[in-house]
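A.B. asks: If you scroll down you'll find the structure; I have some questions about it.
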Amino acid sequence: MADARIDAETRTEFGKGAARRTRRAGKIPAVLYGHGTDPQHLALPSLEFARVVREQGRNAVIELNVDGSAPQLALTKTVVVHPIRPYIEHVDLLVVKHGEKVVVEVQVIITGDAAPGTLITQEVSTVEVEADALNIPENLEISVEGVEAGTQFLAGELALPDGVELRTDPEQLVINVVAAPTAEQLEGEAPAAAEGAEPAEIATPAAES
C-alpha cells in the first residue's frame, strides 16, 4: 500500500521563470498524467517529496491530494535532479489504480564478496520489470559471494518476488566476474603504453559563433 501522502497544488504559471519561482517557494514543478486524463501541472512540497524518494526509492507510489480533492494514487516515473546542486528540478507522476500492472526500471544491487583475485563488472545497473503498482520491489539483489573468475549473471537469473515479471531480455549480461590483472601485468602494460604514446595535443577553446 502507498503509505506516503502528499498535498499538491495546481500550477497556473509555466515556463522556466515560473519553474524557478516555484522552486524558490520550496516546491517542485511536477506533471501528473495517465488513464486518459489531461496532464495536470502541479507543485509538490520539496522536503516531503524528497523524503519519500529517499525512503521508497525512485518508483515510489504516493497518495496525492490535489487542491484538497479526493486522493489518488500516483507512481513516480521521472525525477530530474540538478546536475550540480542537490535539489530536484522536476517530477513526472503517473496515475495508477489498485491492482494495476506497471512497467518500471528497478536497480540491481551486488551483495557479498567474490573470490580473491577477481574483478567484478556490473554491465547494467537496472532492469525493466512488470509489477503491481503497489508491490514494486525497491531493488533486486545478486550475490557474488565466493564466485570465481569466469562467472556471469544474466538478467534471467535474477530472483524476482512473486507477481513480478522480467521485461528486460533474459540474456542481458548483468554481472561479469573476471580475473583481476596481476601486479606484473600492470607493470608490463605501463612501459608499453608509454612507448606507444603520442605527444598530447593541447586543446584550444572553440571559437564562439
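From the backbone N, Cα and C atoms, a Cβ is placed for every residue, glycine too.
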A.B. asks: Ranges 66-89, 114-137, 186-209: which does TrEMBL label region 'Disordered'?
C.D. replies: 186-209
A.B. asks: Name the residue range among 1-20, 161-180 that TrEMBL annotates as region 'Disordered'.
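C.D. replies: Region 'Disordered', as annotated by TrEMBL, spans 1-20.
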A.B. asks: How does the model score the domain 'Large ribosomal subunit protein bL25 L25' (6-93) in terms of mean pLDDT?
C.D. replies: 88
A.B. asks: How about long-range neighbours of the region 'Disordered' (1-20): same chain, 6 or more residues beyond its ends, C-beta under 8 Å?
C.D. replies: 27, 29-30, 32, 40-45, 48-49, 52, 55-56, 60-68, 71, 73, 89-90, 134
